[in-house]
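Per TrEMBL, the feature active site, nucleophile maps to Cys235. Residues or ranges marked as S-adenosyl-L-methionine binding site by TrEMBL: Cys113, Ala114, Ala115, Pro116, Gly117, Gly118, Lys119, Asp137, Asp182. Positions annotated as compositional bias 'Basic and acidic residues' by TrEMBL: 351-365. What TrEMBL lists as domain 'SAM-dependent MTase RsmB/NOP-type' is 24-314. Taken from TrEMBL, the feature region 'Disordered' covers 342-365.
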Amino acid sequence: MSGYLPIAFTTKMKSLLGEEFDRFMSSYEDPRVYGIRINRLKIDAEDWKNLSPMGDTVRPIPWAPDGYYYEEGARPGKHPHYHAGLYYIQEPSAMAPVELLDVQPGHRVLDLCAAPGGKSTQIAGKLQGSGVLVSNDNARERTKALAKNIELAGVRNAVVLNEEPSALAPVFRGWFDRILVDAPCSGEGMFRKDESMIAEWEKHSIERCSAMQRHILRDAAAMLAPGGVLVYSTCTFSPEENEAQIAELLAEYPDFEVLPVPHQYGWKPGNPDWAGEAGRDLTGGQLASLAGTVRLWPHHIEGEGHYAAVLTRKGTRTEDAEPVVSETALLDADAGKRKKLKGNAGAAMRAAEKKGGRGTKDSGKLHRTVINGKHAGKGQVEPVDAAALWHVFAERELSELFEGTGNVQCFGSRVYLQPEGLPSLDGLRVVRAGWYVGEAGKHKFEPSQALAMGLQQREAALSLDFSSADPNVIRYLKGETLFVDAGQMKAGGDLPQPLKGYVLVCTDGYPIGWGKYSGDGMLKNELPAGWRWM
Ligand SMILES: C[S@@+](CC[C@H](N)C(=O)[O-])C[C@H]1O[C@@H](n2cnc3c(N)ncnc32)[C@H](O)[C@@H]1O
């Protein structure tokens, strides 16, 4: 395929790579490699290997503990485990930046250019449900795939935004412990994987991408807490989009410095000679530090290629950015204050509490967001009703083992559990305000697919589990009604009587969606159209 590469590209690569150029070019004739990353929110990599028919055929990706190369033709997207969110299909070198980000449970993490969500789901796996993930992308259409991938992975502690970084910077100034800028780029590392990128390269000039990256990086820098870590990455080779971007940032922000990346797995150092004009404004030490950034070249590793720089902002976090509570009314979740809830909502919640149920089990605060504008349409139930109906649903259909964390946030009839401690998101374009658990109708609550995917089987009051080899799984994933024997039903506690209501449908013990059992053997399929097997 090297014959199809633009001459301007090969000429430039020759001048950059010198004697390595021939090896670089021959990598375009090598077979493509394919990667999957096991979703540790759901399953441990070893357990997945034991469970999966692919388990014996995969090879570890050296830099990603949950990453594996799989063989061409394995078609992991066509297996029920994919629909259970047990793994994400991801290009192997694209797994490197999050490994470098050093995410720990409890961190506040921003993935600024996140769609379609490969790295966001990787970050979520590292957070293990503790802390906050803010996933943002400025392309509205792309945030749909981002939200879906986050939901498929069963992430409970993410919000998804659709904003320009400049709109986020004033809200989250100095707030994040970790920031990933996986920047839009000219995509030179994608030419082998996706030949359409070659035409794109000719349209998206390197200058235009560099200008975008410069702006995005400045806003990202403003949002990093002192002592925090920012990883900048691209899947392109051009120095203007890599070393030169970091050189400019260092020149402009003396409180940022490069944290050197160890050169292992065939990773090569960044090149200080490629710092461009900004290199002249750097001290000798700063310039040399660019060698601590890293290049994944396709002729040195099994992967398409990437660049990554790990930066820290000097200092330690002294004070937390206080959440701005403006249009958000906070209601303490103690029983006395909840009695103030009016009408059906209060009655429903008090009823739930009387039964010793979930209403009383909520931790933290119940946030009642004052909703206006496009979210709260005419004729929709009051937000507070939606919250109460969620509590009633959780009481009936989830088991005692369910531990919903976060604040209940209602946008019209839609209910979210939002990670705690976030600043107000008022005025931002919010795609998901947290874990979307469902939607309230006039008298009942419809659980979401995102709720199903974020649960464990034992957290549902009623569930069904089919082996992934059972034809019922594909039937279910195709949207068909199933006929089931009541004896197959499993309960998170005592089997509810009568045996009816929402059933969490699972394969090999991992949820794939909801069904509704009416007691006569028929399981109505609740899988949304956009989630079905194609
Ligand atoms: C390389 S892709 C991100 C891939 C993603 N991190 C993943 O692992 O799945 C770059 C993304 O940046 C987004 N983008 C472009 N300009 C942006 C901007 N100004 N602010 C935020 N995102 C932007 C694009 O829509 C695109 O989805």
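Cβ coordinates come from backbone N, Cα and C, glycine included.
Feature map: TrEMBL annotations on the structure.
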residue : record                               : Cβ contacts under 8 Å, 6 or more apart
Cys113  : S-adenosyl-L-methionine binding site : Asn136, Asp137, Asn138, Val181, Asp182, Ala183, Pro184, Ile216
Ala115  : S-adenosyl-L-methionine binding site : Asp137, Ala139, Arg142, Thr143, Ala145, Leu146
Gly117  : S-adenosyl-L-methionine binding site : Ser135, Ala145, Leu146, Lys148, Asn149, Ile150, Ala153
Lys119  : S-adenosyl-L-methionine binding site : Ala94, Pro97, Val98, Asp111, Leu180, Asp182
Cys235  : active site, nucleophile             : Glu91, Ser93, Ala94, Cys185, Gly187, Glu188, Gly189, Met190, Glu304, Gly305, His306, Tyr307
Report, as a single number, how many Cβ atoms besides its own are within 10 Å of the Cβ of Asp182 (S-adenosyl-L-methionine binding site).
23
Considering all pairs of residues in Cys113, Ala114, Ala115, Pro116, Gly117, Gly118, Lys119, Asp137, Asp182, annotated in the record as contacting S-adenosyl-L-methionine, what is the maximal C-alpha distance expressed in whole angstrom?
13
Reduce the DSSP letter at Asp182 (S-adenosyl-L-methionine binding site) to three states and note it down.
strand
Given the recorded S-adenosyl-L-methionine site (Cys113, Ala114, Ala115, Pro116, Gly117, Gly118, Lys119, Asp137, Asp182), which additional residues of the same chain have their Cβ within 8 Å of the Cβ centre, ordered by sequence?
Asp111, Ser120, Ser135, Arg142, Leu146
